[in-house]
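S.K.: This is the feature table in Swiss-Prot:
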REPEAT    20-107  repeat 'Solcar 1'
TRANSMEM  24-40  transmembrane segment
TRANSMEM  84-104  transmembrane segment
REPEAT    120-219  repeat 'Solcar 2'
TRANSMEM  126-143  transmembrane segment
TRANSMEM  195-213  transmembrane segment
REPEAT    231-322  repeat 'Solcar 3'
TRANSMEM  237-254  transmembrane segment
TRANSMEM  297-316  transmembrane segment
Amino acid sequence: MAEVLTVLEQPNSIKDFLKQDSNIAFLAGGVAGAVSRTVVSPFERVKILLQVQSSTTSYNRGIFSSIRQVYHEEGTKGLFRGNGLNCIRIFPYSAVQFVVYEACKKKLFHVNGNNGQEQLTNTQRLFSGALCGGCSVVATYPLDLIKTRLSIQTANLSSLNRSKAKSISKPPGIWQLLSETYRLEGGLRGLYRGVWPTSLGVVPYVALNFAVYEQLREFGVNSSDAQPSWKSNLYKLTIGAISGGVAQTITYPFDLLRRRFQVLAMGGNELGFRYTSVWDALVTIGRAEGVSGYYKGLAANLFKVVPSTAVSWLVYEVVCDSVRNW
């Protein structure tokens, strides 16, 4: 305790602490994740509703009509339901990704990321991105599970209304849901329900996101140094949007599986699906819903992912530069 107070009393010590590469990556990554997810929270809510509903419920009328429906039924608060928990989850989730990625750069591949002349190969980028994606999932998955369940607790899903999940007049809070899931669904096994399909989606998504962004950034690094800051920031926004869109489109079917496995215990039969494994889910969706079933909610997700990834990369770069130049 005395050591902490001593550090707080010495501004230079705080600066030196924050300017360590791992701490810069943690702080910038966490802030970037929280800001970017808040910006697109309404699309995140609607995307989850589209993913877990049956084909006959009212949220099938389109992205913006679904957003309007949520607003009319639940108000502005409904558009951001679960976002507080999402920010609590996304700060360490995003921070862990950037810390592990930077650690892979410097410790594993001995590349100085601040030197524009030193770059990872595409294979190294994919490996580092996959590793940081896996670490972030394991570290924060229970919060992701609870966030998904909170998102659909108050939704007007007629099939879910008939299940036990809607038998209460007031939705449970974060800690109540965590406690109930742990107690009623097998302890840690319940809290990590769906972690396998989640990892199958997140690991390649993060790998592609980092690899595409860094490759595009490398293309523009020489010209962007001489450009005004607004042009450089616009370029970062653009390539961030591209990297997120490409990665999400390729890996989206696994994101759909992730959400469905997360809500199985809330009334999967009533929602119209029940799976015994990832392979069973893939086969069942293909037979019952066709190829389009694998991409249900993709449009809403792209409305979320493209601006979210763009903002995330830009905020990360800006915070990193600000702390380094402090």
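Placed from the backbone N, Cα and C atoms, the Cβ positions cover glycine too.
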S.K.: Pairs of Cβ atoms less than 8 Å apart decide it: which stretch in 24-40, 84-104, 195-213, 237-254, 297-316 has the most with the transmembrane segment (126-143)?
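M.R.: Comparing 24-40, 84-104, 195-213, 237-254, 297-316 against the transmembrane segment (126-143), the winner is 195-213.
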S.K.: Between the transmembrane segment (24-40) and the transmembrane segment (297-316), are there three or more C-beta pairs closer than 8 Å, counting only pairs 6 or more apart along the chain?
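M.R.: Result for the transmembrane segment (24-40) with the transmembrane segment (297-316) is yes.
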S.K.: What are the DSSP helix/strand/coil residue counts across the repeat 'Solcar 3' (231-322)?
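M.R.: Secondary-structure composition of the repeat 'Solcar 3' (231-322): 81 helix, 0 strand, 11 coil.
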S.K.: Check the repeat 'Solcar 1' (20-107) for me and report the mean pLDDT.
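M.R.: When the pLDDT values over the repeat 'Solcar 1' (20-107) are averaged, the result is 85.
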S.K.: With DSSP helix as H/G/I and strand as E/B, how many residues of the repeat 'Solcar 1' (20-107) fall in helix, strand and coil?
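M.R.: Across the repeat 'Solcar 1' (20-107), the residues distribute as 77 helix, 0 strand, 11 coil.
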S.K.: If you run through the repeat 'Solcar 2' (120-219) with DSSP, how many residues end up as helix, strand and coil?
M.R.: 79 helix, 0 strand, 21 coil
